[in-house]
Amino acid sequence: MQKDKFGPCAPSRIPLLSNDLISMLSGGVAATVSRTAVSPLERMKIIFQVQNNKEYTSLTSTLVKIWNREGLIGFFRGNGTNCLRAFPYGAVQFATFNMLKQRALKNRSHQNLENHERLLFGAIAGAASCATTYPLDIARTRLSIETAGLTSRSLAINNVANNSLKVKPLTLWSTLLYIVQHEGGYPALYNGLPATLLNVVPYVSICFFTFEFCKQKFFSNADLTAFQKLFLGGFTGIIGQTLTFPADVLRRRFQVNRIPGIGHNYKNIKSAIFHIYKTEGINGFFRGYSSNMLKIIPVMSITWYTYETVSKMLHDL
């Protein structure tokens with residue numbers, strides 16, 4: 001029994017949704033909203049990372065080229081696929097972390113994770129969300145560069161002289177089908193997964209650790225204001241991405257490794273690292289970093305703000 005506006009003998013309130021389901025729904029909504037908000041910056045980052053020439057050299061020139069070639073819709077190329085991936089990605093990630101957190105704290109007198117638990121649970125959440133949605137991640141990357149003029153196929157799409165060839169832009173399903181049919185069957189849908197895990201696992205681990213640690217250390221796990229949610233979310237993104245960005249470059253390179261016209265032909269992660277360093281120097285590992293920082297701060301701010309807000313709203317149902 002609990003005291004409330006109905007008096008001391010009012011029945012205890014029964015939650016409408018379980019904690020795991022709330023985490024899943026909140027995480028899915030947060031990921032979808034944040035990815036859509038920064039879709040133009042995400043597309044520019046991917047183009048910077050995978051290009052094999054110097055066609056796209058700055059944010060301004062890239063904005064102009066996308067606008068001239070594709071119009072407004074070009075800035076959101078691949079976002080539909082990204083949203084299809086973002087919802088389950090965010091849902092699995094947040095639900096996994098919070099499920100592990102709840103189990104760990106179940107029989108404890110205090111409600112704070114140890115630092116190593118934050119890192120471990122974040123890593124597991126990152127691996128789980130990445131593995132379950134990876135084919136959609138590959139498709140999103142392919143669609144992002146499909147009309148950017150980086151491949152022989154995309155040049156045909158953009159070349160008016162080739163209109164008679166009826167080379168049509170790929171869709172989500174045709175992209176997945178093309179990969180299966182021409183790049184090695186169903187296992188090809190997971191090309192580059194090790195490089196992706198090398199990026200995603202430490203990134204998600206660092207983000208969960210940073211947010212949880214700062215929320216406990218500086219705000220005593222109290223409900224955060226809107227500004228605090230936005231600020232802390234952006235801060236976690238800066239820390240996580242700066243420490244793991246070279247792995248993100250490797251991730252994108254492997255996802256387009258077999259596309260004709262790109263020119264990359266990496267055999268494994270080690271050969272890719274040596275080749276990038278030899279041909280592009282240390283700067284090659286930070287291609288797209290500036291545009292990514294413009295993206296990651298708002299995306300993580302929006303993600304954590306939306307997650308915390310939606311989660312509280314669902315708990316109050």
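Placement of Cβ uses the backbone N, Cα and C atoms for every residue, glycine included.
Going by Swiss-Prot, these are the annotated features:
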TRANSMEM  14-34  transmembrane segment
REPEAT    18-103  repeat 'Solcar 1'
TRANSMEM  72-92  transmembrane segment
REPEAT    113-217  repeat 'Solcar 2'
TRANSMEM  119-139  transmembrane segment
TRANSMEM  196-216  transmembrane segment
REPEAT    224-313  repeat 'Solcar 3'
TRANSMEM  230-250  transmembrane segment
TRANSMEM  291-307  transmembrane segment
When you scan the chain for residues with a C-beta under 8 Å from the transmembrane segment (196-216), skipping those not six or more beyond its ends, what do you find? 93, 97, 112-113, 115, 118-123, 125-127, 129-131, 134, 137, 224, 232-233, 235-237, 239-241, 243-244, 247-248, 250-251, 254-255, 269, 300, 304
Quick check on the repeat 'Solcar 1' (18-103): DSSP residue counts for helix, strand, coil, in that order please. 73 helix, 0 strand, 13 coil
What is the number of residues in the repeat 'Solcar 3' (224-313) that are helix, strand and coil, as DSSP sees it? 72 helix, 0 strand, 18 coil
How does the model score the repeat 'Solcar 1' (18-103) in terms of mean pLDDT? 86
